[in-house]
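Input: a single structure, listed below in structure tokens.
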Amino acid sequence: MSEEGFENDESDYQTLPRARVNQRQRGLGWFLFGGWKVLCGSCCDCLAHICRRKKELKARTVWLGCPEKCEEKFPKNTIKNQKYNIVTFVPGVLYQQFKFFLNLYFLVVACSQFVPSLKIGYLYTYWAPLAFVLAVTVVREAVDEVRRFQRDKEMNSQLYSKLTVYKNEKLYTEHNQNVPLFFSSFFFAGACFIRTDQLDGETDWKLKVAVGCTQRLPADLFSISAYVYAQRPQLDIHSFEGNFTREDADPQIHESLSIENTLWASTVVASGTVIGVVIYTGKETRSVLNTSYAKNKVGLLDLELNRLTKALFLAQVVLSVVMVALQGFVGPWFRNLFRFVVLFSYIIPISLRVNLDMGKSAYGWMIMKDENIPGTVVRTSTIPEELGRLVYLLTDKTGTLTQNEMIFKRLHLGTVSYGTDTMDEIQSHIVQSYAQSQSSGPKVRKSVSSRIHEAVKAIALCHNVTPVYESHTSVNGETETAEADQDFSDDNRTYQASSPDEVALVRWTESVGLTLVNRDLTSLQLKTPSGQILSFYILQIFPFTSESKRMGIIVREESTGDITFYMKGADVAMASIVQYNDWLEEECGNMAREGLRTLVVAKKSLSEEQYQDFENRYNQAKLSIHDRTLKVAAVVESLEREMELLCLTGVEDQLQADVRPTLELLRNAGIKIWMLTGDKLETATCIAKSSHLVSRNQDIHVFRPVSNRGEAHLELNAFRRKHDCALVISGDSLEVCLRYYEHEFVELACQCPAVVCCRCSPTQKAQIVRLLQQHTANRTCAIGDGGNDVSMIQAADCGIGIEGKEGKQASLAADFSITQFKHIGRLLMVHGRNSYKRSAALGQFVMHRGMIISTMQAVFSSIFFFASVPLYQGFLMVGYATIYTMFPVFSLVLDQDVKPEMALLYPELYKDLTKGRSLSFKTFLIWVLISVYQGGILMYGALVLFESEFVHVVAISFTALILTELLMVALTIRTWHWLMVVAEFFSFGCYLASLAFLNEYFDLSFITTWPFLWKVSAITLVSCLPLYIIKYLKRKFSPPSYSKLSS
């Protein structure tokens, strides 16, 4: 791309992106070649929008215990993934069918047979196939809709405890229960943790606090008079504004509500029990507002076949005009023209849709019955071929590539490093260290044991983890809350934290002997290997933020009174804080290359005077009215100087099974992989490295945060100069770039071997999918497991959902559902590839079947003075398209060029499919030439060899036609299946058996004679033998790639 694309002057900032400037000029040509469909679609969309006009979203006031004051009606709290309802089903399905040129064309042709002057044959020969096509489609769509309804009903039938039956209902939600809607909460303990990975993709647990005046409410919540005022529903999942007012207090209590007091729908209560007031339901919840409507997806193969049928129609009209012209345009030539159009209507076979639709159903059945990918479900049976045409795969991170289970992997002290196989040494050092400290006190000289002791102690203290002990349930089902009955054993203890990294670190310290047993707002207790309890007072906590990239804690040890400041954080933040060393940067790089998430741990001992001075300055800064944040940060930074470096830790986020080989397989297949996640930049980068989405020797360009057009301009220029490097960009910067430089950014990003977008909202994920579709015209696939991935899955050409631990929302909304990420390899390389190649062969063969009989009709009409008289009538035409040739032709859905194992071993075979060479105008023209050649040979051969028996030309040519079609199926097949052989002999047997009942068309005494048999055989041989010879020579001297592997 030229530099002018970016390096322009300020005046260029006022211009629109190139992608929006190029508007196609509309005229008569545009209308005839597709414009009519666009206009019809726009009208239908407009009518649909009017029919389901959205209610204006407003702020609301929800009263507690006063249902009579709540006049507003709220939407039902239900999940709906259905495309239609009972009223729109039939019109919707018919519209989706007749928007295709093929079906619309046959509807017009069938209707024309009600006009006597245009009637060619029997009505059933036109209406029966059309009715069968529509019936198959309606039944298939009905089955899909019923399945969606049943899945939605299962999800909507989950039970929750409701404290009232009024519109201002309160919900009682227990530990590990999914939150079905949004509510403002009142918690028993005043606080709880929730998981939001189904909403925003973040794995961190979020702390939610109750409204202050509700923490000590009486048991009967409806005895108070209060109300909640909430802002109108909106897309933003990171903010909320509202007020809580209690009227029966004197004076009235007013408290502001923020995001800390709220639980969104699709989140999970990770600990404790919650009572809340319902604010938003159904379509007004944040998760649904961020979800797009399910759309009817049409495969690229269907669009390509639709274009080919238009070309065939054009050829049909031209042929009809030629016939009328050769007549000399005599008489009612316009009527004759239309009769010729109807006569040659078989050039576009209506059985094309039937065969393709039944083929799609067969591919879906094969996918679900594949024992190598158990649990796979095909939810949309119309696009299995899309799995074989994908260029871009957009994947979620949490739960898709990773298991969201952190494991402690490495501890580095500068001179010595410990891995998973040497953790027992650390445990022995801890035991030895505490045994020595009890007997002789700590040593002055720092040995390895004392350094390990200090490091493990720092990790056990510097965090925001809280140990939780589950309550027992009594016989009558009530929860025992008496502290005396609480089980404080190690087996009953779990940990809560806002980050899974924190939990992994604390679990590790427990495994080596130093256990966190209790924590509250002011203190925490550790248990040593000998069972001794060490108590610490929490003096200050400095939480982790995205800006600081570190967290700290100041504790006072109860036994000694020593005050210590512990801090841990990212290496980029801690490098300037710790004392000089020569190993930190190198070891951080080594761990990062292994895909580990690193944390630097440091400490600083404080005297009583130092801490008192700090506390005074810190409290004074917190009371400041102006620049409070800056002043507080400045006071904290005064402590963050020359800290003692204790250790470097490495934690691994466990990947899903076989993620690395699967991603490598997809890359070798020519599929570009983009990771879209709501998680933090550092986490996303680590996973991109550990999963080998970004190879070890590949550079990573982290797109700096930009907030305006000028910054985006400079950063894009810097990025443009990089070559063959992966891109990591945040959602905020992405939004700025797309606002001003949409075309340029997408063009540059598409050149990257891998792209990672972090901090992406669900709406942004869908927007990225649509951008790739618009700017590259390639097929996209989106895969995810959470509710925050639904919009992306529905926007993609092919959506794949993973049934994860956190629910089935993505799986239910997807076109295909799998149980593990590794299954996508076989789904694409084997089933996607086979589905596309089989449908391409099947579609072209069915068109060949129509073109060959139309060629014979053209030859017949030209010989008989261009009369618009049909060559074959009635049952012959119906039988030709059904029982005589249908089974062998449809058996092509069992064909395969290579074995599944070979397709997985050589994923490069998949790369050829994206070029669309299996179905193109080139292959189509080859089939046209074959059809013209064979149709001409069959018709002229019958006339030449049977000149004296011309009255039997129908029996002669039709028999040769059936034999030719059966032999052509055999010529097309690459790998024989026993059902193919059965189909060939069954069809031929049906034809022979039907001869006895077709006295109207055949003379049985004539077709049993020896001259008839050898002459029909000769015609068939001339029509097929040259094609067999050409296929043999081509396979010998220019074999396709798959045949080289097969041999």
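Backbone N, Cα and C define each Cβ position, glycine as well.
As recorded in TrEMBL, the features of this protein are as follows:
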- ASP396, LYS397, THR398, GLU502, PHE544, LYS568, ARG597, THR677, GLY678, ASP679, ARG759, LYS765, ASN788, ASP789: ATP binding site (BINDING)
- ASP396, THR398, ASP785, ASP789: Mg(2+) binding site (BINDING)
- 70-127: domain 'P-type ATPase N-terminal' (DOMAIN)
- 812-1039: domain 'P-type ATPase C-terminal' (DOMAIN)
- 28-50: transmembrane segment (TRANSMEM)
- 124-143: transmembrane segment (TRANSMEM)
- 311-331: transmembrane segment (TRANSMEM)
- 337-356: transmembrane segment (TRANSMEM)
- 846-869: transmembrane segment (TRANSMEM)
- 875-894: transmembrane segment (TRANSMEM)
- 924-944: transmembrane segment (TRANSMEM)
- 950-971: transmembrane segment (TRANSMEM)
- 978-998: transmembrane segment (TRANSMEM)
- 1010-1030: transmembrane segment (TRANSMEM)
Helix, strand and coil residues within the domain 'P-type ATPase N-terminal' (70-127) as assigned by DSSP: 29 helix, 0 strand, 29 coil
Among the ranges 311-331, 337-356, 1010-1030, the one whose Cβ pairs under 8 Å to the transmembrane segment (875-894) are most numerous: 337-356
Which of ASP785, ASP789, the listed binding-site residues, has fewest other Cβ atoms within 10 Å: ASP785
Alpha-carbon spacing, ARG597 (ATP binding site) to ASP785 (Mg(2+) binding site), which is rounded to whole Å: 23
Proximal but sequence-remote residues of the same chain as PHE544 (ATP binding site) (Cβ under 8 Å, at least 6 apart): SER499, ARG550, MET551, GLY569
Residues that sit under 8 angstroms from ARG759 (ATP binding site) by C-beta distance, when 6+ apart in the chain: THR677, GLY678, ASP679, LYS680, LEU681, SER730, GLY731, ASP732
Rounded Cα separation (Å) that holds between ASP789 (Mg(2+) binding site) and ASP396 (ATP binding site): 7
Other CB atoms, at most 10 A from the CB of GLY678 (ATP binding site): 28
Cα distance (Å, whole number) from ASP785 (Mg(2+) binding site) to THR398 (ATP binding site): 8
Rounded distance in angstrom between the Cα atoms of ASP785 (Mg(2+) binding site) and ASP396 (ATP binding site): 8
Residue with minimal Cβ packing [other Cβ atoms within 10 Å] among the binding-site residues THR398, ASN788: THR398
